[in-house]
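Participant: Quick one: the structure is below, questions incoming.
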Amino acid sequence: MLCSRPLSRAASCLAAAVFVVAGPVALGTPLVVAEPNAEANGAAENCRYKITTPPAVDSSEVPAAGAPPLPLAVPPTPVGGNALGGCGIIAAPDTPSVPNDISAEAWLVADLDSGAVIAARDPHGRHRPASIIKVLVAMASINAFNLNKSVAGTDDDAAAEGTKVGVNAGGTYTINQLLHGLLMHSGNDAAHALAVQLGGMQTALEKLNVLAAKLGGRDTRVATPSGLDGPGMCTSAYDIGLFYRYAWQNPVFADIVATRTFDFPGHGDHPGYELENDNQLLYHYPGAMGGKTGYTDDAGQTFVGAANHNGRRLMAVLLHGTRQPIAPWEQAAHLLDYGFSTAQGTQIGSLIEPDPSLQPAKPNPTDRQANASQAAGLISSADALPIRVGVAVIGTVIVFGLIMVARSMNRRPTL
């Protein structure tokens, strides 16, 4: 989870300016439901965050130099199916009522195996991802490196803003250890170290944006590898669903996010210690497969969690939420409960398949120009990626309305 960002400019922001869950769980809070209203989805052009993210609450996205990047182009048709163009609650007919204790302004419940989107709220609304964007750093690294490769820690790693796991000069870490620090406890120092291995900050950002585009993300611009807010940073619940579906197909990723404790190495006079997974869903939801937490002042609470119930593997994504009325992991648990209560095959849209050119082969770490050009072409050509969507909606898709959920002020975590 990320912490509040100081006003000083990190090197990652400077680079960003250039490029630009298992049955129901017994929770203490009773589950309440949302009533449908089709009005919000009938006027998708009025969706507040169709083009840009919500207003920032601090100056973390102000470029160190020059103007901020322009918003990403909006595809002419919603990726994943027309129903996903709505910004209210979208659910299939004849399904249970959607929980009403979800403070996230955008969310999605999907099947990890079939790619079916079961229900969503503003799935293509653009929001900041915070640390859940680290999935792209993880997958780029898993695809590129031998897990046993040794990496020397640096002072720059240790100076990373926000949450850290103890990467420092004098320490030596394997890619595997850095990935555990990245995904289990959201270490920004681990994110920095992996970005350096990917070719340095700018090259890493270019590679992450290429990967996001090849996975079908049309609402995503990665501005920092850690998820700290930066110029132009944005994503959507739909895009995050694409990224994590891809990631959970990889056994290395799946194993790490399901790990509760891990022995993380020390350095010098600093001994190693037992790293604990900060995802509470993993401890409290039967069948939980893990996921990722996130928070910044601008992004609010973000969360991804998944669970397996008798072979049915579902995922919940939340963006721009609060810790009220219940914690993000509990909100995800309620969405997963909802998903598991629906019939197999319930679907309002689909998570599209990755571009066929996406291969887990080791990339050329020095080919910065090619990566930049490739990312620009993929992101600007919203129609170029074939949208292989099999929308099998039971009966007639009824589009439901926007629910105004009371938001509470987040407490700012301390470093």
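Glycine is treated like the rest: Cβ placed from N, Cα and C.
Remember, TrEMBL labels are computer predictions, not curated facts.
Pulled these from TrEMBL:
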ACT_SITE  SER131  active site, acyl-ester intermediate
ACT_SITE  LYS134  active site, proton acceptor
ACT_SITE  SER186  active site
BINDING   LYS292  substrate binding site
DOMAIN    96-320  domain 'Peptidase S11 D-alanyl-D-alanine carboxypeptidase A N-terminal'
REGION    351-374  region 'Disordered'
SIGNAL    1-22  signal peptide
TRANSMEM  385-406  transmembrane segment
Participant: To which of the recorded positions LYS134, LYS292 does the lowest count of other Cβ atoms within 10 Å belong?
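Facilitator: Among the recorded positions LYS134, LYS292, the sparsest Cβ neighbourhood within 10 Å belongs to LYS134.
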Participant: Under a three-state reading of DSSP, tell me whether LYS134 (active site, proton acceptor) is helix, strand or coil.
Facilitator: helix
Participant: Rounded to the nearest Å, what's the C-alpha distance separating SER131 (active site, acyl-ester intermediate) and the residue listed as 'active site'? Just drop the number here, would you?
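Facilitator: Spelling it out, the Cα of SER131 (active site, acyl-ester intermediate) and the Cα of the residue listed as 'active site' are 7 Å apart.
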Participant: Tell me the Cβ neighbour count for the residue listed as 'active site', meaning other Cβ atoms within 10 Å of its Cβ, over all protein chains shown.
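Facilitator: Around the Cβ of the residue listed as 'active site', 28 other Cβ atoms lie within 10 Å.
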Participant: Provide the three-state secondary structure of SER186 (active site) computed with DSSP.
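Facilitator: DSSP call for SER186 (active site): coil, neither helix nor strand.
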Participant: SER186 (active site) to the residue listed as 'active site, proton acceptor': how many Å between their Cα atoms?
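Facilitator: The Cα atom of SER186 (active site) is 8 Å away from the Cα atom of the residue listed as 'active site, proton acceptor'.
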